[in-house]
Structure formats: structure tokens, C-alpha cells
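Engineer: Here it is: the structure, laid out below.
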Amino acid sequence: MVCGCSALLPLPNPRPTMPATPNFLANPSSSSRWIPLQPMPVAWAFVQKTSALLWLLLLGTSLSPAWGQAKIPLETVKLWADTFGGDLYNTVTKYSGSLLLQKKYKDVESSLKIEEVDGLELVRKFSEDMENMLRRKVEAVQNLVEAAEEADLNHEFNESLVFDYYNSVLINERDEKGNFVELGAEFLLESNAHFSNLPVNTSISSVQLPTNVYNKDPDILNGVYMSEALNAVFVENFQRDPTLTWQYFGSATGFFRIYPGIKWTPDENGVITFDCRNRGWYIQAATSPKDIVILVDVSGSMKGLRMTIAKHTITTILDTLGENDFINIIAYNDYVHYIEPCFKGILVQADRDNREHFKLLVEELMVKGVGVVDQALREAFQILKQFQEAKQGSLCNQAIMLISDGAVEDYEPVFEKYNWPDCKVRVFTYLIGREVSFADRMKWIACNNKGYYTQISTLADTQENVMEYLHVLSRPMVINHDHDIIWTEAYMDSKLLSSQAQSLTLLTTVAMPVFSKKNETRSHGILLGVVGSDVALRELMKLAPRYKLGVHGYAFLNTNNGYILSHPDLRPLYREGKKLKPKPNYNSVDLSEVEWEDQAESLRTAMINRETGTLSMDVKVPMDKGKRVLFLTNDYFFTDISDTPFSLGVVLSRGHGEYILLGNTSVEEGLHDLLHPDLALAGDWIYCITDIDPDHRKLSQLEAMIRFLTRKDPDLECDEELVREVLFDAVVTAPMEAYWTALALNMSEESEHVVDMAFLGTRAGLLRSSLFVGSEKVSDRKFLTPEDEASVFTLDRFPLWYRQASEHPAGSFVFNLRWAEGPESAGEPMVVTASTAVAVTVDKRTAIAAAAGVQMKLEFLQRKFWAATRQCSTVDGPCTQSCEDSDLDCFVIDNNGFILISKRSRETGRFLGEVDGAVLTQLLSMGVFSQVTMYDYQAMCKPSSHHHSAAQPLVSPISAFLTATRWLLQELVLFLLEWSVWGSWYDRGAEAKSVFHHSHKHKKQDPLQPCDTEYPVFVYQPAIREANGIVECGPCQKVFVVQQIPNSNLLLLVTDPTCDCSIFPPVLQEATEVKYNASVKCDRMRSQKLRRRPDSCHAFHPEENAQDCGGASDTSASPPLLLLPVCAWGLLPQLLR
């Protein structure tokens, strides 16, 4: 290895004879001394920033070096370190059985093969397997499209149709008399492991409707009746491909048919807000990519409720956009201004960050002046023209959204100059408010520019009216009958199901549009809806088996926009109190924000361009929640996945990751050793396929493997290569069980307090463990269980103890302090985990075969340490010094500066820099430790309050009263206006309910917001085995000695506590937010990262019926109810004047 933890940690061999070391202590101008073990490894050149000469110049002192050495004798400290290290090494090798395990693998070296991994061949194989899997999902969706269009073709609309169906909300509901409610018949539900253990019905689908859609509307009843034909196809698809998950049909009228059928639970207010037409998969499948400029009227006539509705309309439009769309928003009154000045003259990608940024700015819009529409229209047309000519943006649909309370003219000269006769830019008009005086001109603008006109009178009107523009944009695709297949970005559909198991699963959806094939409606381009199916990304990534990628290797996926679809370092959740919540931008994390060492973005560019190839990078890999770092050289292999917008990457680390170990043994011998009770397999790895046959789903991987090997189940499919490696490892590691058992039987009562457990893991995911204490006495019960993901083999990673040991010289141990986290485990004793790697060498190639270790109580380690430091080199008489003396402070720290042992228990587990900043600062200047800056582009920070000044004037009682009164009146106004048109919304059914989108209310701001942070990690330089120094602390000088503890990643640090060095601030390992000034922030926001556009575009069709362009809504309402809100708004300015 040229980099990695092997460079962080000491070699296990005794120190070789070194040439005479320069005695810096002989020079009174110097007060520190260092003893190099050997020349620094080349790979550490970028870490070792401070030379010995530099710290030598920094450490001038008048203190006599002889006094410092006498204060803390180097020989004594070395004796303590060697004694403690020797005792520790003997204990961990004895109880882990690491020497025996190494011998067992050594004995079979002659039968082993170590092959070099061909990364390109590997990534191509994984890609083909993923392509085949995804193709089956596409075929299932195509079957649904054909069935839905055929059913519609054979269905005649019946205005008076009466039809009962399974309503997802009402199924199994009973009234007071015990009878099933209407649309709520008995519906059998059974828990199903394949569907996250949710109660489902795999025989039939159920139908969900949002609260604001009447469940007996003739359009709904006819659509539900027609789509009953999908039930048979749902079941047939699932039988043909049992790996399918949810299949569904989202109708353009608003109902959502989902298979398998489920019970849908309203929210705490009894409201169903889920509307399939708002989902990304529906919108992407229904339309092609688009460039949109929103023009919003902010003249004085838009004050009050009109502005509130306009803001909500903009927010709703923004919610219909995705990563393939581009957007800008212009506000106009007497003059034209961009609501984000940084975006002047351009369009920006409608990713989540930009959409949310626009929403915040929209809320701050103020009204004044007179509206000048023609200037705004000219500005919008010019932006769209410039982007089209520069080959930027979506290069597909272009549209202008005009949001106003009216237009005083038709602006024909503007359209004649910029848009006629081709009408390449569609214009959609939204008339805000109940006034209809300007309706004709607003409709004329839309109808003469291939757009659509709607009138929005209330907040509750917004959703349905905004959605009309999507149906217009879908017309060319519908007329052409082009069934484009779309794949979404990664998402957690917590709105689909209120189940935690579902909401925390990252999915991608494949979807296709469903069209009306009836000849009489061909020119209208009627979209019936969208069908789709979910693919759990975990299932997709199982096709890149973990065991083929080495200890540090991994596979990842990204999209055509450069966003991560799946990556081990993608952290989509954050903790808020006791709850885990999705980060706001979890599905728009760019590849360059995870693989941030790729400064030139060469990897990102190649993958977006669908290239097949390889490149190498030196990387710093954070571990253990960012407290530690590995230095690796990674080889990246990448290719595309055909017929999808995705690209696949595979990472192999240089050194161990380049090779794969292949062993062989007989099935009979291996089977015998598989049956040992101490053996387990990686729970997330796929040894055998158990999710196809329902009879296999209850089997563990170990049970399935045994049935496969004994031929009890000929239908079982298993990974024969992986099974062979498991059998081999089972045979080689079998003697460990007898070894550990013998140790446990021979343990005395005193030795029972030494080690809690021993364990080992192999590169095939095999785990063995043995307890040396009763299970009730185990200190860390989560260790080696799924509750502690870092300690077990997962789909993404090898265990932390395995990864650390593999980068440490084989035979020496890595010690990690562990303590149970969370309030439920408060007070549990701390434990220490020690692990070592077992390496095998064949034909000069070395591979890591396994890692073994022990877990012990910290208390045992402390006892060993204090006993070791009572020894001294004096032959006769008692020792003159001990670490227990009041004039000495002794610490045992690890190679990242964390304290394992201290006199003060409160310091255990803390970073040395927090406890003694002076000494750590000196160690950094001496080069004993180096500081590495790491970056986190997925962090969450407390938002800064930049909207309001912190120095607010005192609020008078009258001002407070008026503010409260204004708020109450606003709420009353909005409430009455929404409810005043109850009858006109749903005059077809009194059972209809409304759902209101209160975007005008201030949303509760999350306490944390996405941000970029940087944080330091401190790394010991193993070339320096021992060093001493003096810190100038004003009136006194602090002496310290640091000594490497052999065969470990530990250091003994002895300091003089009598000198107060509080003038040195603590050195913290805390993350700090990276702040960007306005200019840099604007440049970052304006930058257009490389992306690949979707392959298809449907912008226009000559047969399109452009005269179907909307009409005025029926806005009749109760005059008395309308009068009060209008008066209230009129009174507000006077009341608050």
C-alpha cells in the first residue's frame, strides 16, 4: 500500500537499528526532539505539511532541555508504552485467536488463487444485469398501457353510470349500525414481506382519490369503471415478475388505482392530500421538458387576496417542474424586474434548490404602481429566444405564464414581432380574482399563442387550473401516440404510503403516458393518465455484489443531470430530535458533491456523456461519522445502462481492492461447518434469491444456502461463486469455535472481566462470534447486530472494524472506543473494540482474507494501563514516578487524537485538542499529527436570520394589538373566501370535501437547512515513533512526551499539568459552515453544470386543435358572504394606518 491507514499506524516489527539521530536538545535554542522510524511514505507528502525544521524554528525557549527530560524521562515513558503495548497485544491475540486464524489461512495458501479484478469487465456485467432487470419493469408498464388504452377504446362514456368500487380510504369502514359504508365493502388485507410488511391484497387493486375530488363524479366513475380492466394485468405482471413492487395508474381526472390494494389513511385532519397528478413521475411522463418564464403582475390592483392567490399560483407551477425543466420569474408594474436579480437575462435549471429559492422570493413580493405588460412580454420572449439560439435550456417546449388580474389590450404587436406565425412559444394566461371585465383579452392572448386560459378566483381553484397547462403540453405527444418511457430521480414517496418502512426506501419510478385512441378526439390529444411502477434502488444495487468489490469498493448510479441515484455516501436523512427526516434536497445531490475530490469533474462529465472508461483518483474517505479518514487511491470504472438515463460506476481501491481471493473445498466438508451455531451471514447480501417464490421469503440466507447445497429445493437460485467462498471460509475458520470454547472453559473468575466477546469476519460476509461472558453481562448489545450498521456487513459497506484493520499492517491491532448512544443506553459502560487483518499472499499478490478481533470493557484496558505505568527502569527500590502522580498527566490516545484513557473519566472519548489545545497545537507544529480538511456538501445547518434586523424597536401594546387584529382578519377573510364558493365547486355531490393549500400562511421553518461545511480531521504520522517538547505558556513552560504503543494505533502522551496553558484555545474537531459572499453565491447559482437532455421532445404537432384553449369559470357565489371579505380588506389599511 502506498496510502491508507497503513501509513497512519506503526509497523508491528521491532524498531530496526537507526543511524544516529541529531540531538536537537543539545542546542539551547530548541526544546523538542523527534526520532524518525523511516523515511515518510510518498503518499503522505500531501498530508505532511510542516517540516521538522519549521517546528524547530517555532519552539525557541530558554528552559534547560536537561530539566525537561528529567521532569519526564523518555526512557521511563518508553518502558510504560512497551509494557502496556506488550500486555495488550498478548491479551487481544490470545482472545481473538488471530494467530491461529492466520495460520489456518497460511496452511491452505497452496490451494488458493488470487486473481486481479478486471474493473471494466465487472462494470459491464453489472450494467447488463441491471438493464435486464429494468427492462422487465418496462415490459410490465407497457402491458398496462396497452390494456388501459384498449379498455378506453371499448368504453362509451355514461353520464348516469352507477358503479361501486373499492375506495382505499373507505374499505372495511363501518357505520354506527355495523354495516359497511358506501364504497367501503369488505377488503381482505394481509401483511406481506415483499411490500414492507404492509397489509395488502395481491388479488385486486384499490382506488384512492384526493379529498377535493368527488368520488361519484361521472368522470371519476367512468374512469374507474374503464380501468377495472387493469386488475387482471396487475396480477399477471406480478406473477410473471415477482420482483415487481407497486404498480399503478394515475388518471388525468384525479383518481389513483394502485396494486396491490391497500388501506389509505387520511392525515390527522382527516384530509387526503395525495394527488397523483402532482407527482414527478406523472408530470415527467405527461410532458416533454420545458423552458418557462413566469410573468406576475405586481401593480397596485393586485393587492390583498389577489396577490395571495397569484403567489400560490406561482408556487403551484413551480411544483410541476423538474430537473429537466428551466425557469425564471419576472415581476412587473411600472417597470420590469427579475425577482432574483442574479438570474437576470437567463433561465436556470428547475432543480429543488432553485424552486425553493424562488418560492421564498415570491413570498416577499409587494404591490405598487401600474402594470405594463408589453415590456414584460418582450423581456420574456427575448430570454427564450436567446436561450434557444445558444442551444441552452431544455431545447424543447417554451412557454410564458402570464399571471394578472387583467389586460387592458391584446398586445398584438408584441406577438406579431416575437411569436407569429409559428407560435413557438405558448402563452398561458391566469386571470386572478372574480372580475371578468378583462377575461376576453386574457383568453385572446392564450388562444392566439397555442396556450390556455383559466380564471382563478380562490386558493382552492389553483391546483386544478394550473394542471391544465400540462394537458396542453402533452397534446403533441398524444396525437403522435409516442409512448416515451421515463425514469425518475431517486425519491422517498412518504406521501404514497404513511408507512415508515416505505417512506425511508429510496425508489425510482418507470412511467409511461396513456392516450385516448378514439378517432373523434384525436386532434384534441386527450391524455387519459400515466401508468407506473416503483423500483427499490436497494434491489437494483444488489446486482453489483458486494464481495466482488473488495473491502473499500462500491458501486453507484447517477442520472442524466449528474444527480446521485444511489451511492454509499448519499445521506438522504437527518435527525431532528428523535425523528429521522428526509433532507429537503436529498434527491438533487450532485455526483461532484459526493466524489468531491474530482475537482475537474472528469468522472461526472464522462458518466453524463454515457462513456465507458476508467480513471483514477487519490481520495480521502471519511469514516466513523467523520472522526477518521482513510487515504486511498481509487480506480473508477463506468458505463451507461442502456435505455435508461442512468450511468453506473464501480470503484476499486488500489492494493487489496485490486485482487479477489478464490478458495475451494468440498460441499460435504463445508456443509458440516456451516451448521455451527456461532456462524452467521451478511443479512443484506444475496447468497440465494429468496424474494421470488413466496415459500422462500421466510428463509434466512443461511437456511436458503443449506437447502440449495443439500438439493432439498431445486428451484432455489444461488450465487455459486459466493456460496463456494462461504464454504471455503467456513472450513478454514471452523477451528476458531473450538479455540474460543476452550478459552471460555478455562477462564477463571478474575479473567472473566477481560474480554466480552471475540469475533471474525471474512470477505465472503461470513461472521463468527463467541461470548466470554453471559449474554446479560455484554456491555454493547447492539454490536454485530443490524441495529449497529457500522459493525456488520451491509449492502454498501464492510464493517468499520474490518475496513480499519485492512489498512493497518496485518498482525497489529486497531483499537476503537465505543459507547452506546441514545438515551435508552445512558450509563452503559464504554467498551473498546480491537481488530486485526488476516492477509494471504500468493504469487506476490496479497489479499485480505478476513479480520478478527475482540470487544472488551474499557475498565480492563484502564487497569492494564495503570499497572504498566507503575513500572520503572530502576533495578533497586521503588519507582520514583508513576502516571498516577499528581504532577503527571497521562493519556492514551488513538491515531486520530481521541482519548481512550485519562485520569479524569469525563475526558474519555473526547478529542485531545478539546482537553489540551496547547499540546495538540505543538504536536501539529512538530509534524507528529497533521490536520486534514474535509468537506461535507450534504450537511444541515441552522439558518441565519437574514430577513430581519436583530435590533428591532420595542413593540408597543397598540402595535402588537393591531398586528394580531390584522392576522385574525386575514385568516377570517381567506377562510370565508375559500368556503364561499362551496356550492359552485362541487354542486354534483354534497359529500364532497375541499382541501385547501394554505401557502399564504407562513410555514414552520425547519430548524436546519442544507448547507456546505468543512471540518478538520487529525492524523498521526507513524514515521515519528517518539517525540518530546516544551510549550511556552507565558510565565511557565509545559513539558510533554509522546511515545508510540507497539502493535497498535495507540500513543502514550505524558504531560506536565502544573503549568497553566489556558492562553492556548482548544483545538476543536467541529464542522463550520462554508459561507459564500454575494458574488460567489451568484456565480454558483448561475452556473450551468453539464447535463444530458432527455432523448425525446414533443413540442408541436400540425394536427393539434389550438382552439381548445380554456374559458371563464363559473364564479357565482353568495353575495352576502363575498361582501364581508371585500369590506374587511377595505378596512384593513385604515385600521392599521
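Here the Cβ of each residue, glycine as well, is placed from N, Cα and C on the backbone.
These came from Swiss-Prot, pasted as-is:
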{"type": "TOPO_DOM", "residues": "20-1115", "note": "topological domain 'Extracellular'"}
{"type": "MOTIF", "residues": "297-301", "note": "motif 'MIDAS-like motif'"}
{"type": "BINDING", "residues": "Asp297, Ser299, Ser301", "note": "divalent metal cation binding site"}
{"type": "DOMAIN", "residues": "487-580", "note": "domain 'Cache'"}
Engineer: Can you name every residue in this chain, apart from Asp297, Ser299, Ser301, with its Cβ inside 8 Å of the center of the Cβ atoms of the recorded divalent metal cation site?
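Structural biologist: Not counting the recorded site residues, we get Val298, Gly300, Met302, Asn333, Val367, Val370, Gly371, Ser404, Asp405, Gly406.
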Engineer: If you draw a 10 Å sphere on the Cβ of Asp297 (divalent metal cation binding site), how many other Cβ atoms land inside?
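Structural biologist: Result for Asp297 (divalent metal cation binding site): 26 other Cβ atoms within 10 Å.
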Engineer: With Cβ-Cβ distances below 8 Å as the criterion, list the same-chain residues six or more beyond the ends of the motif 'MIDAS-like motif' (297-301) that contact it, or say none.
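Structural biologist: For the motif 'MIDAS-like motif' (297-301), the list is 307, 310, 331-334, 365-371, 373, 403-406, 432.
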Engineer: Using DSSP with the three-state reduction, classify Asp297 (divalent metal cation binding site) as helix, strand or coil.
Structural biologist: strand
Engineer: Does anything in the same chain, at least 6 positions from Ser301 (divalent metal cation binding site), have a Cβ under 8 Å from its Cβ, and if so what?
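Structural biologist: Listed in sequence order: Val367, Gly371, Asp405, Gly406.
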Engineer: Would you count the other C-beta atoms found within 10 angstroms of the C-beta of Ser299 (divalent metal cation binding site) for me?
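Structural biologist: Looking across every protein chain shown, the total is 20.
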Engineer: Which residue counts does DSSP yield for the domain 'Cache' (487-580) in the helix, strand and coil classes, in that order?
Structural biologist: 18 helix, 36 strand, 40 coil
Engineer: On the 0 to 100 scale, where does the mean pLDDT of the motif 'MIDAS-like motif' (297-301) fall?
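Structural biologist: Value for the motif 'MIDAS-like motif' (297-301), mean pLDDT as a whole number: 95.
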